[in-house]
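Asker: Before I ask anything, here is the structure I am working with.
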Amino acid sequence: MAFEVKKLGVIGAGQMGLGIALVAAQKAQVPVTLVDNSQQSLDKGLAFADKLLAKDVQKQRITEEIAKATKDRLKATTNMADLSDVDMVIEAVPEIPSLKEKIFAELAEVCPKHAILATNTSSISITKIARATSKDPTDTQASSRVVSTHFMNPVPVQKGVEIIAGLQTSPETVSAAVAFCEKMGKVASVSADSPGFLANRILMPYINEAIICLETGVGKKEDIDNIMKNGTNVPMGPLTLADFIGLDTCLAIMETLHAGLGDSKYRPSVLLRQYVDAGWLGKKSGRGFYEY
Ligand code: NAD
């Protein structure tokens with residue numbers, strides 16, 4: 001019989017975790033236990049969920065009944081032990097390897113022995129996170145249930161999700177993660193556990209190359225953005241997109257690709273590093289390649 005997620009846990013009520021919890025509650029219609037170590041983050045997250053649901057009702061995308069049923073499925077807590085009855089948990093705490101490893105060691109203890117243990121990491125090796133679930137690396141009882149469900153931001157809007165299997169991940173775990181993401185209305189792509197996975201491995205060198213074109217005078221910023229926007233039917237050009245993602249994030253991902261794959265084709269652009277050094281990080285700091 002196919003694995004069924006009847007109850008979900010989400011750890012981290014920030015930008016990504018809240019979005020994942022909300023879409024799971026609304027589309028997959030499962031009860032969600034939302035865990036954060038900060039009550040303030042939980043309060044802020046739930047208030048944001050109210051705002052998003054109210055907007056959907058106002059725009060007649062959903063009814064008031066659906067909004068209420070969705071909200072009722074979300075339970076917030078600061079206690080990890082409340083994850084003792086979930087079938088799957090998705091972790092979305094900050095991108096700090098030691099923090100994720102500590103949480104997965106705890107999840108292996110707290111969650112039922114059948115539960116899928118998923119991470120939303122953007123760059124950390126799934127194999128490494130899975131390794132943290134047991135002191136004995138040959139004991140794969142928990143590590144075979146670790147997988148990545150890498151949702152795209154903002155979760156309620158972007159349909160794509162990457163499912164990444166670590167070395168220890170079982171095929172059943174991958175199938176269960178794909179099935180649940182599809183129940184959430186997403187389109188899943190399976191990727192191996194390799195630096196940048198699929199999305200960033202393809203996207204970031206493209207953005208980096210656009211910045212190198214600017215740096216070496218091949219084109220002006222408007223020309224670079226315009227040709228890609230109007231020539232490949234994407235909603236924004238690569239430099240505008242970099243400003244939206246955050247130039248510090250782009251640099252960090254290029255450094256991960258460069259270090260992990262060791263090929264000079266992943267060398268971060270000198271100009272990108274200079275913008276980050278200047279504090280011109282894009283939209284969030286008011287200035288990147290463009291002014292906001
Ligand atoms: P965020 O900073 O918005 O949220 C993180 C949340 O985790 C906060 O609410 C924080 O209080 C909570 N937290 C911190 N330590 C905790 C702990 N020990 N236990 C429980 N909760 C804890 O971060 P985010 O942008 O939502 O990113 C979360 C993850 O998703 C990261 O791994 C990130 O790389 C990944 N990701 C982010 C994006 C993006 O565009 N923001 C896209 C894809 C993946």
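Backbone N, Cα and C atoms are what each Cβ position is placed from, and that goes for glycine too.
Caution: TrEMBL annotation is automatic and unverified by curators.
What TrEMBL records for 7-190 is domain '3-hydroxyacyl-CoA dehydrogenase NAD binding'. Marked as NAD(+) binding site by TrEMBL: GLY12, ALA13, GLY14, GLN15, MET16, GLY17, ASP36, GLU95, LYS100, SER122, ASN153, LYS284. Look at TrEMBL and you will find HIS150 tagged as site 'Important for catalytic activity'. Look at TrEMBL and you will find 196-292 tagged as domain '3-hydroxyacyl-CoA dehydrogenase C-terminal'.
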Asker: Running a distance check here. Ligand 1 versus the binding-site residues GLY12, GLY14, MET16, ASP36, LYS100, ASN153: which have CB less than 6 Å from one of its atoms?
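Answerer: Near ligand 1, sequence order: GLY12, GLY14, MET16, ASP36, ASN153.
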Asker: Quick one: of GLY12, GLY14, which of the binding-site residues has the smallest count of other CB atoms within 10 A?
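Answerer: Relative to the other binding-site residues in GLY12, GLY14, GLY14 has the fewest Cβ atoms within 10 Å.
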Asker: Rank aside, I only need the closest one: which of the binding-site residues GLY14, MET16, LYS100 has its C-alpha nearest to that of HIS150 (site 'Important for catalytic activity')?
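Answerer: If we rank GLY14, MET16, LYS100 by Cα distance to HIS150 (site 'Important for catalytic activity'), first place goes to MET16.
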Asker: Within the chain of MET16 (NAD(+) binding site), which residues six or more apart in sequence place their C-beta under 8 angstroms from its C-beta?
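Answerer: Spatial neighbours, sequence-distant, of MET16 (NAD(+) binding site): ALA92, ASN120, PHE151, ASN153, VAL155.
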Asker: Let me know how many other Cβ atoms fall within 10 Å of the Cβ of ASN153 (NAD(+) binding site).
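Answerer: Around the Cβ of ASN153 (NAD(+) binding site), 13 other Cβ atoms lie within 10 Å.
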Asker: Need one number for the NAD(+)-binding residues GLY12, ALA13, GLY14, GLN15, MET16, GLY17, ASP36, GLU95, LYS100, SER122, ASN153, LYS284: the maximum pairwise CA distance in Å, whole number please.
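Answerer: This binding site's residues have a maximal Cα-Cα distance of 26 Å.
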Asker: In three-state terms from DSSP, label HIS150 (site 'Important for catalytic activity') for me.
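Answerer: It is in a strand.
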